[in-house]
Amino acid sequence: MKALHFGAGNIGRGFIGKLLADAGIQLTFADVNQVVLDALNARHSYQVHVVGENEQVDTVSGVNAVSSIGDDVVDLIAHVDLITTAVGPVVLERIAPAIAKGLVKRKAQGVDAPLNIIACENMVRGTTQLKGHVMNALADGDKAWVEQHVGFVDSAVDRIVPPSASATNDPLEVTVETFSEWIVDKTQFKGALPNIPGMELTDNLMAFVERKLFTLNTGHAITAYLGKLAGHQTIRDAILDEGIRAVVKGAMEESGAVLIKRYGFDADKHAAYIQKILGRFENPYLKDDVERVGRQPLRKLSAGDRLIKPLLGTLEYGLPHVNLVKGIAAAMHFRSDEDPQAQELAALITEKGPQAALAQISGLDANSDVVAEAVNAYNATK
């Protein structure tokens, strides 16, 4: 089996690429970073530090790399069996034209073997969004062939992969936590279902997408925003602060009540899942910076993302949300010289005030009780 993976960054190398290579799949990375491409093609291997209770170093071998903006990547798309991505939500649109060209070439060469594409991004139904971008880049005459022969498979991914401390010395070395979860929608595949250790197949993906978004992502973001306000450097420092921990755990319990109501998750098992996530945040081997985790606050405060979406669920079911609101207020306070969205957020609040700014960013009604609650919490944490 041959696979092409877009995105040779930390998540690409430390998570999805590693699982594919470990499964014996012939793997080629596609990226724009020439330093990483050259290193991969010189060595065809790299090291992954897996950190947790038992630290180990795994070697991923037998890999190649191509530029994601050259002809080689188009040629590969015509022949591989699987395409995966870990490029970040914003970059999906940028790789779509190359994928479209490769699919046209595949059709022209008469390659009718099924191809499956899986976007492994921190977003809801990322592959469906990628499919939209690919279809927009195709001529009408090619769309029916693509619908017939190409599966666009949505997935939920979960593994904390912070920037590697040794990245200055070795561009390929990466550190990851022990925990990983890759859940894919088995109803969307074309052809036989793949057997890849570490890839879980489900016919109820949205339950797992929202479980991860409402728990890991919600908790991670709130830990970062409260941690930044309190002057903590890392997620571990922040979650060991009892005041922050109480709000984060409370927010995950509030979002969890929505999941239990919506999808019928077992309450005891979900409580254990929350505890496991708190333990992951405490991992002393992960130097996870609050500034990194908090970046892009406008996206994280948007209607379908990790703060507002669970809040909307609490409103839908008439459930408490006091800790989620505290997290939203902390997000509104996020400031970073390194992050354009943080600067845009600050400018918007200065220009319009917190009430109108939050309504504009989140889509919540400016005159609603919940916006008033968030503004009160925002003002209380100044």
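Numbering starts at 1 and runs along the chain as displayed.
Every residue gets a Cβ built from N, Cα and C, even glycine.
Keep in mind the model is a prediction, meaning the values are calculated, not measured.
The NAD(+) binding site annotation in Swiss-Prot covers A3, L4, H5, F6, G7, A8, G9, N10, I11, G12, R13, G14 and rests on sequence analysis. In three-state terms derived from DSSP, H5 (NAD(+) binding site) belongs to an extended strand segment.
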Long-range Cβ environment of G9 (NAD(+) binding site), under 8 Å and at least 6 residues apart:
D31, N33, V36, A86, V87
